[in-house]
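Marked as transmembrane segment by TrEMBL: A:12-30, A:100-121, A:133-155, A:188-207, A:246-270, A:290-314. The annotation domain 'ABC transmembrane type-1' is assigned in TrEMBL to A:94-311.
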Amino acid sequence: MLAFILRRLAQSIIVMAVVALIAFMLFRYVGDPVASLLGQDSRLEDFEELRERLGLNDPFYVQFGRFIGNALQGEFGISYRLQQPVSELIISRLPATIELAFASATIALVFGLTLGVFTALKPRSFASGVIMTLSLVGVSLPTFLIGIGLIYVFAVELQWLPSFGRGEVVDIGGWRTGLLTETGLRSLILPAITLSLFQLTLIMRLVRAEMLEVLRQDYIRFARARGLSKRAINFGHALKNTMVPVITITGLQLGSVIAFSIVTETVFQWPGVGSLFINSVQVVDVPVMAAYLMFIAFVFVVINLIVDILYFAVDPRLRVGAGRR
Amino acid sequence: MSEPIISVRNLVVEFPLRRGLFTAVDDVSFDIMPGEILGVVGESGAGKSMTGAAIIGLIEPPGHIASGEIYLKGKRIDNLPPEEMSRLRGKWIGMVFQDPLTSLNPLYTVGQQLIETIRRHLPMNEAQARQRAIDLLDEAGIPTPESRIDSYPHQFSGGMRQRVVIALALAAEPELIIADEPTSALDVSVQAQIIKVLKKLCESRGAAVMLVTHDMGVIAETATRMIVMNKGKIVETGSVGDIIKRPKEDYTIKLIEAIPSIKDETRRHEAPPTSTLLVEVKNLTRDFDLSPGFFDRLLKGAKRNVVKAVQNVSFDIRKGSTFGLVGESGSGKSTCARMLVGLIKPTSGQVLLEGQDIAAGLTQERRQKVQMIFQDPYASLNPRWRVADIIAEPMHALKLVSNRREAEDRVADLLRRVRLDPVSMRKYPHEFSGGQRQRIAIARALSSQPEFIVCDEPTSALDVSVQAQVLDLMRDLQDEFGLTYLLISHNLAVVRQMADDVGVMHSGVLVERGPVDAIFDDPQAEYTRMLLNAVPDISKVE
């Protein structure tokens, strides 16, 4: 077990190093950082002096080493646009994105699993047919269209829910949460649904397909032949086996909920990391883009690690077999 | 006379298919008495498994019981509501399936699965159920059940898993056990043990057994009475001795004639008395490195683990003869075969084909001269290719033909040689039966005009009557083309019929080799003797 985690950790570090290299190249070679910092009417001597001061004349590997060193301490430089440290910017925006991602992940998991199991156990029922047809909508419609549609129905026509922003937020030890106020919660509903819809339908279809497969297995027939109750067979034997492959895909999907909340955040003007990134792209704010790249890579690496460990917990074949494979 | 445990009366099972109704079981009636083992034999598709599934109420939809009655101790059970039927399963009727590797849930320990079953049917608490589970495992012949109970299925070997499956089927002391091919996926020596366990447990508990199998040998050793089924109908019923020694119906007579026996000395083929050697295998050794990864070795001090799959094996094959290689799974016979055709390289040792080293390189000549036939005719033919393309592939790859026309003529000729209609070259593999597919595979092997064909379990996936046809074909082709075969099989009876010389492999070592009659009639090695004793054979019926 320990060896397994160490091996995965070693792989994660390699992945992060490669991403850091890409982020550094972006930082260093996309446009001229000095030109971005100084105005067009600065003197050539100022350019040279700043170049020397920022260490841009040093060899490539020295600069890269310095970049890694800074990144490890959470230093990604100063945003060109907002003139604030990038790490502070990201941290201040992070709670909004994490709350949104967490809410939509919960919706996607709970409904995706329940509906997936339901449609697998009653594959021929009318309700399953309706659910499967509707799920096509979730898979095929683009996120921004769903967002705009929801805004139109619930914010414009029915006027039940707000269409933008986070509502009131409460500051708890630096974490600005919207979960404790009524407007905050109401503001969360539409973006969370929008963001979760794709993952929900995907998880549901995956669970259904896997479970139908598992129900055809010999050990399910044998469980029936032993006279076990329907409940024990469906939710004990079948569901646990279904979860093994589902965990991987779901884990990766939840990573992309955090990473690609950009569209949803833009549609709902949600003040999260995604909208920070979009605004930075528009003005070529390279330090923010580089930091965002590192951040997303980190999220994926961590989620992958958790998925691998979960795999270990669910599947005894890995647990015991790891030593002898 | 006591009351039968189970009575089946005029059972009909139907499957509505797109092209009409398929009757899987047609008007079947029989009784099983307490303590009796009833054997049900038949070839694939005879409806024997379906009869078992009907009794326990597990027919896969859309199949259903169309008419007839099933009585369990005089009580009608075929029309019970699903919930009541599920309480009957396990408690009154237990079932053992064919493949022990897939019939246990891989994510639960065997203890969890046993306790769950026991507590479903018997009023016991967790601790009592656990004790009973340990007792059951002990009875089924699992050593140190107290520690093994918390193991997962993958930690048991195939034979041990089948014992667990039997323990599970017996967990609530059912009156009837339906065993559907309980030993077909196991090695002969394990098979013999499982049959013994099943027999002993039934005797001690007075349970009735319905033993469904295609292997007449298993029935000969186990059952008292038997039923022969064909195309959903019962062909013949009677005591095992009567049916095997004095079959009355034509179908039964043909079926029993097709079964090879290890005592049968009539040979299908006699090798020409030459002494030219075609293949020489010299001190062949192959290791597989199964060492754990770097971190495991670093942290846990795990040792390097090298499995010696084949150790120092030497034998010769005379031109035009058949060499049989027998052994149980994991004995290294398939690894040997792969080295012989050059698919994997030996760690040390040599394979010489007409004096030239095979491992030296894939020469055009060698690829042409050596071909292989695989076990599973369903998996070894590309389902998206037409038969003509499949058979012609070696010719094109080796540039033996110059144009399409010529290739087609050759394919037509080959199809005629393997007794198939040349018109069938336009068809796809799925349009053929298992036996026909194996003929196509043989035609493909012949298309490069080889001298040496390695046959890896060529008939294991086939029914006995089909097996006999394929073996006949192989012998005829050997005469026609002067072929040399290496026949790998776990079926000793088949090897006895086909081979001129035999090698017996055990854990990577060739324990014995010699002329076929000498090995079968007067085995020298302890292992060979054990293997021959373990084979369930129809010659062993009294």
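Placed from the backbone N, Cα and C atoms, the Cβ positions cover glycine too.
Those TrEMBL annotations? Automatic predictions, nothing curated.
For the transmembrane segment (A:12-30), the neighbouring stretch richest in Cβ pairs under 8 Å, chosen from A:133-155, A:188-207, A:246-270, A:290-314, is A:290-314.
When each of A:100-121, A:133-155, A:246-270 is checked for Cβ pairs under 8 Å to the transmembrane segment (A:188-207), A:100-121 comes out on top. Here the transmembrane segment (A:133-155) has long-range neighbours at 115, 161-163, 190-191, 193-195, 197-198, 200-202, 204-205, 263-264, 266-268, meaning same-chain residues at least 6 beyond its ends whose C-beta is under 8 angstroms from one of its own. Only residues 6 or more beyond the boundaries of the transmembrane segment (A:100-121), in the same chain, are considered here, and those with a CB under 8 A from a CB of the stretch are 127-128, 131-132, 135, 188, 191-196, 199-208, 211-212, 215, 234, 239, 242, 250, 253-254, 257-258, 261, 264-265, 270, 272.
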